[in-house]
């Protein structure tokens, strides 16, 4: 029944009664015991925690899942080149145990030199995978070590998101941490090296790198010994995992130096750096491959210099406090500084001159001077991942982060603290290195994600506070028309359309972020998830055609050659041949001996009879070349051939690059130079290719990669014979004939 | 006696048909069969079927064993087929003997080039090597077709199409041997599995998983010289005729989850056809197999449990074929491993031929005791051995639940451990200042929660007052409204009494310096709010009693109303702030 009109008028301002349902519910709730009610109701803080934890859990799963494209599309297999070596060593580790692994002399590579594997690799990755494998076994899960290896990189990428979250929280706030975790989970620059099957050092190293940085920043922020110790152990893990630890050991002192210069020196910094450096150095020495480099190599001297500088700084501080006299202190300062600098320079000079301190390595030089490698070390310059980065690949790998990065820097500078200075320095230095070498985009990726996350988080937070204050104020003004509220509104007069603009900007930000997510997924599925062992192409009818030639050839080697056969090939395929073909190779991807590689390069670029002598001296039984002329596979040996000539010529001056070029042009058709047309590589690639019609309407012997008809169709082999050619001709294996009997 | 040899495949199959007459006086219960040692060594299977009487009728399988009769040359191996009932004097027995020899054909020349056809040579006797005198005998050899390079010519030798006939020869004395050599083209795949390990894993969740590891060699003439892909691609039948590039496996019907891989990964060259009777899998090794080349691979498939595992007499038994599903393959060493579910007992096997047997234990996912594995090993297995065998075992269905229960318990314990960790105090020093501060802070938080509860009760009382006012507007019953006010007043007092000690305890705690001002503010605001509410309530009730007009009442209370709303909002926001601590 409607209430009486009078009463209705009277009590117009009194809120209407609640609907009966709600009232019933509320009475029911009230009838519950109060503690239970309190227990059931989540506090705002708990709600936030729940939201945060579930978001993190989702990000964790996402980071893992997005890296599984390659497993779904191909199979659970190891990718690329280096991972095959890592897989092989891990297999050895699980089968023979740690001490055997540590003392392993591998006679299957670098014949006849061999390789001391235990002393020439970073064991972090293998030990990690072996431990994971053992853990799973202990949980009575009978998984194969291959599956563990394939999934190690995604697993560590997922862990990296957690570290990114913690790091973001340390330098900004938990919102930024959450955004950083989400950004890094799908950042293509990181995914490119951490998809399932990409079982490489970088997979765990980025996790270790970020962890070390996080722990160090945490140590600097708290000044606690415990965190410094943790940072030292993080550094130890990094040293055991990847040669990129040199970046840490140079960035930390640089950071300390910047803090000193900007007058931000504190006891916290002193504790953090000293503890981390001393312990990290001692721990790092335990890795055989690194050994005493921390005290002997030029690349590590900066850290030691800053270590001593900190002591001097601390000492001077103390003296200043004790003296309590500006004039006296100034003269003391002058004397001490002169002494310290001269002693330091002297020590460095003597160390370098006596050879105790080794000079910088070529790779380090090429980082500081991008043109260095091209002029001096062709073997470094020849590696595709050592090329300077193109703008397009920056865009490809970072997408919107590239624009958010400067914005994040702005926010960092606006709120300078020890932590933000660190992330700014990390971002700027790693960006520089990313520009020098393609592969170092990987190192820059976490920094870019963190700094962009600060930009995103700060912007969104500002926008939402605008929107919330705007949406709250009409409510309050509607309810209270008191003078107090009105005065408040007058003071905080909003800009025109502030609310709408904020909403539009927020939507724009979400649009950008969603584009980022879409781009990342697309890049991952299209570009970074192919194993490069199995090639795939679109057939005429749109179906997928698989070229499994590499494995065909390697498996043929494994099954149908004598177990002690020595295979000569360009170094790219060395790891794969030893891992999949289980045969001895002359050179492999370790590239530690330039002369040996140059010898192979020389053999490939010589005439057959000269090459035969070289092959005989190296006991070569089979020669393997990769040839894409039939399928149009462009990264084949003919396209890599000039590097073989250059590297060979770098050691053996008989090989001259101009001999293989015609007017500075590299060609394989009739106009090619006679040396080119008759060198071993040319002969092996094009042997009997002149009889094959590759494309309709083209003459026989039409090379589909170079797009020309080859120049030498009548190739006769005298000292070698074709032993196996894969079904698409991608891999060709030749047998070296034994020497002829004397007649 | 008639003898026919079949070389259409790469494995030699011989069938004898004999008419045996007991010419002696005693009844005979055994018939001896003789083979030269050189052949007997490669004898993979021998089977005899006998029918008594003149008319060929239903034949029965005769048991065969190796015997060593006295006074015979040591170069011969003897088998004896025991008859079901002794053959009486003058009676006639039809005896069919099937023998399968491996390595019967020798490639000659031993090495050929890619373009050559494979030639094989075969040696035997044109006379059946019989310990008994033979009245009439013939030998026919079926060749696979194609070129016949040469054959030993005696009288009565004919080559018609691809069949070579010797005989008939009459009245041949015992142990007569008349060597013949046949040299002919045979390009059949000489697929030899050096070793095949078949693992049959039974899961009572409904699957029989079969995994077969092959190591296959082309057992024919070895390839010499080059292998040219160009020739192989352009003229596969002329260049590469001796090689084979695929193998066909006939899997049981309803085989599922079939895979084909090797040590370095999946092999993508395979085709599968299936219908209701069988599943046919055609696999191509990674490369064509020429003479002497080998490859290894693994195929695996799942089969529905109910098709292969049955139960009888309180026992379960697996009934599945022994050999390989591959066609035309000779297996030099076959190891069959039957992996029974964890907890199986009383394992027993019945196989149609002798095998080496032993037991192993296999550990798979979540196993504690391990699964019992029954291993059967047999050399020289040919398609004729592809017979069913049975493995009997006892298995309790309850054991199925062990592993899920283990998982459930594991996760449960994990969560319990997490909860326990969250609720236990792990700090080492119990009297450090930070620890004490933490304890005090916890106490303050608990008290603040209690205080919040009280304030929420206050707010509920406020609501009750409002409701009573509303009721008043509807019913005009001022008395009950007054009663409500009185009750509310009493409640307020009670709550205030409750609140006092709590507030005191918070105030006294050193950790409350942050929240105390807010709390103080809250208490003051709430008191003010209570006063205002009471005052308004009184005004309204009073006005209603005085029968004033609604408009007037509204005017009188409007200022109060605004203040109340503002206060209420402030109280609520303060409460929210407190709950966020």
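Cβ atoms are placed via backbone N, Cα and C, with glycine included.
Automated prediction, rather than curation, is the source of TrEMBL annotations.
Annotated domain 'Oligosaccharyl transferase STT3 N-terminal' per TrEMBL: A:54-451, in sequence order. On the 0 to 100 pLDDT scale, the domain 'Oligosaccharyl transferase STT3 N-terminal' (A:54-451) averages 91 in the predicted structure.
According to TrEMBL, the domain 'STT3/PglB/AglB core' annotation covers A:567-624.
Annotation source TrEMBL lists transmembrane segment at A:49-69 (among others).
Here the transmembrane segment (A:116-136) has long-range neighbours at 86, 89-90, 92-94, 98, 101-106, 143, 145, 148-149, 152, 155-156, 199-201, 203-205, 208, 237-243, 287-289, 590, 592, meaning same-chain residues at least 6 beyond its ends whose C-beta is under 8 angstroms from one of its own. Per TrEMBL, transmembrane segment is recorded for A:116-136 (among others).
If you look up TrEMBL, you'll see A:148-168 (among others) marked as transmembrane segment.
Listed as Cβ neighbours of the transmembrane segment (A:174-191) (distance under 8 Å, sequence separation of 6 or more from its ends, same chain) are residues 52, 55-56, 59-60, 62-63, 66-67, 157-158, 160-162, 164-168, 206, 396-399, 401, 441-442, 444-446, 448-450, 452-454, 456-458, 460-461, 516-517, 519-521, 523-524, 527-528. Summarising the annotation, TrEMBL assigns transmembrane segment to A:174-191 (among others).
Among the features that TrEMBL reports, transmembrane segment is placed at A:203-236 (among others).
Same-chain neighbours of the transmembrane segment (A:242-262): 122, 124, 201-202, 204-205, 208-209, 212-213, 216, 235, 269, 273, 276-277, 280, 284, 290, 294, 299-300, 302-303, 305-307, 309-310, 313, 364, 418, 421-422, 425-426, 429-430, 433, 443, counting only residues six or more beyond its ends whose CB sits under 8 Å from a CB of the stretch. As annotated by TrEMBL, transmembrane segment applies to A:242-262 (among others).
Look at TrEMBL and you will find A:269-289 (among others) tagged as transmembrane segment.
Per TrEMBL, the feature transmembrane segment maps to A:301-319 (among others).
Feature annotation from TrEMBL assigns transmembrane segment to A:331-357 (among others).
Remote same-chain residues near the transmembrane segment (A:394-412) are listed as 183, 187-189, 192, 420-421, 423-424, 427, 431, 434, 441, 445, 448-456, 458-459, 512-513, 515-516, 519-520, 523, 527 (criterion: CB distance under 8 Å, separation of at least six residues from the stretch ends). Annotation comment: TrEMBL describes A:394-412 (among others) as transmembrane segment.
Feature annotation from TrEMBL assigns transmembrane segment to A:419-435 (among others).
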Check: Under an 8 Å Cβ to Cβ limit, what residues of the same chain, 6 or more beyond the ends of the transmembrane segment (A:419-435), are close to it?
Finding: 170-172, 213, 216-217, 220-221, 247, 251, 254-255, 258-259, 262, 264, 367, 388-389, 394, 405, 408-409, 412-413, 441, 443-444, 447-448, 450-451, 454
Item checked: Close approaches to the transmembrane segment (A:269-289) from elsewhere in its chain (Cβ under 8 angstroms; 6 or more beyond its ends) -> 102, 118-123, 216, 219-220, 223-225, 227-229, 231-233, 235-236, 239-240, 245, 249, 252-253, 256, 259, 295, 303, 306-307, 310, 314, 418
Next item on the list: Using DSSP, tally how many residues of the domain 'STT3/PglB/AglB core' (A:567-624) sit in helix, strand and coil.
Entry: 33 helix, 8 strand, 17 coil
Item checked: Within-chain partners of the transmembrane segment (A:331-357) [C-beta distance under 8 Å, separation at least 6 from its ends] -> 296-298, 301, 305, 308, 312, 315-316, 319, 323
